[in-house]
Ligand SMILES: O=C([O-])CC(=O)C(=O)O
Ligand SMILES: [Mg+2]
């Protein structure tokens, strides 16, 4: 952060004015050594390079510039070091904007802003005097005030918008608020409110968040990635918006999901916010309502498919690897079934990819089952499983259960799959339906006569574990539960995917754990990143499940909870990360060597802390 032009430049910059600097007329005064310090201090090398190149180009053209200048009648001002006064309309300039994080721009830089928490000394040093009211408060008081404000909003979407505004205004305060109040705020920045936010994204849209890569950017995706201000990206969450939660095709408005997932990567997994990049790939939408919505923010066309789709995704995947290298984690999120499995298979061998809806959900649910076994005894292989829903979550969970059973019993996975049955919208998945089944359902087509619906499937299969993984609600009807209760002894152990209110029955209050992949992906990702893993392996998912199950305390189990409370999530994430990293080292997939001795402590030490930093 230096200028060859010395103090006047630096003073101007420090005074907080963001100046547009024109190319100086006299070559000797060209500030070729100026490193652009953007208001957030993060502008990075590329912009510097651009400035230098354009400067040099103009210097090379210096002679003609001087010649043109000599004809010009406009004179430069006194000490017109930057050529601001001498620029004429026919003389093109470089629109330099040079500022440092100070003054007004510091208050508008979410990465460095502390609001009323700027100390007296900082207010002097950073030209903030007068820009803030006199009071100085600490971060805890700011949190208290914000929680008070957020609690006053009755509509969850209003709380969501208040949170998003905070993220745009003061990033550290946003994360501290979220971490300190995780149980209360998770349903706001994440499931379920984030779903409503995506549905209404066009109407509530205020600031762009993340990168939008649409068909218009075909052939230019590398350039688009380079427009992102951060260079050291560690995790990308990408969606094409086709299957947002259980809400269906929300097109470009799916952006709320990568943004929400990544804020959890930071809050729950401790990944630095600047290392996180949310991306939405917009290939159109088949959602008629959105196509007609005047506030829709995406491409107004039906979804591109086939080769056109595959080419755009491939360009994206190649550009990511080219720009960020081998160790950037790409999390696929909320792609439709017909693409999700194929993308995971295709890029699993060349990139560090993870599908949250298939693998993250699977690993979470398996952890819940492992914890439940502590309550009911026995092993996975003692159970018979029935799923309602045979999409990403259903088949993903089923496969991971089969894999774990196969390891435990040392029998082939083809055999352990036989203990698992799936029901989709057409009924039980059976051999006679094989021809018409999508490929990811085929391993589950066992020999059985056709069964049309869930209740009849329950009666026919007599499962000991019932798993709902379909987008449709209210499907575990009284009849289904009664059928389950007719052949299963004892009480039910229950966990829900979205937050579920406590239930009261005969004077007892029953709490429900949340079998949501939010337990898994932040710690899983941290484990991959801290070990420098270059590929995801199924054994890492199994290791992560064990780690999560171990975090369920006896006290939790006594309450019937098979997931630990989110309050301890950072500790839980550290344990998951450690186990995933250990597996990466064991499998020879880790590149960060040597392996740290205590991986849990190492994971904790890697975590981003949202407390304010002091500015010297
Ligand atoms: O976001 C969630 O709550 C879980 C998830 O990945 C999905 O439903 O697609
Ligand atoms: Mg998802």
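Note: Cβ is positioned from N, Cα and C throughout, glycine not excepted.
Residues or ranges marked as active site, proton donor by TrEMBL: 190. For residue 190 (active site, proton donor), applying a Cβ distance below 8 Å and a minimum sequence separation of six or more within one chain yields 260, 261, 263, 264, 518.
Sequence annotations record features per position, and here TrEMBL assigns active site, proton acceptor to 261. Secondary structure at residue 261 (active site, proton acceptor), as computed by DSSP, is helix.
Secondary structure at residue 243 ((S)-malate binding site), as computed by DSSP, is coil. Listed in sequence order, 249, 334, 335, 336, 337, 340, 357 are the same-chain residues six or more apart from residue 243 ((S)-malate binding site) with CB atoms under 8 A from its CB. Annotation source TrEMBL lists (S)-malate binding site at 243, 516.
What TrEMBL records for 333, 334, 357 is divalent metal cation binding site. Every protein chain shown contributes to the tally, and the Cβ of residue 334 (divalent metal cation binding site) ends up with 26 other Cβ atoms within 10 Å.
If you look up TrEMBL, you'll see 167-348 marked as domain 'Malic enzyme N-terminal'.
Sequence annotations record features per position, and here TrEMBL assigns domain 'Malic enzyme NAD-binding' to 358-585.
The two recorded residues residue 516 ((S)-malate binding site) and residue 333 (divalent metal cation binding site) have their Cα atoms spaced 14 Å from each other. For residue 333 (divalent metal cation binding site), the same-chain residues that are 6 or more apart in sequence and have a Cβ closer than 8 Å to its Cβ are 237, 238, 239, 257, 258, 261, 355, 356, 357. Residue 261 (active site, proton acceptor) is surrounded by 27 other CB atoms, counting those within 10 A of its CB over all protein chains shown. Other C-beta atoms found within 10 angstroms of the C-beta of residue 357 (divalent metal cation binding site) number 24, with every protein chain shown included.
In this structure, 333, 334, 357 are the recorded positions from 261, 333, 334, 357 whose C-beta falls under 6 Å of some atom of ligand 2. Screening the recorded positions 243, 261, 334, 357, 516 for a C-beta under 6 A from any atom of ligand 1 leaves 334, 357, 516.
In the predicted model, the domain 'Malic enzyme NAD-binding' (358-585) has a mean pLDDT of 96.
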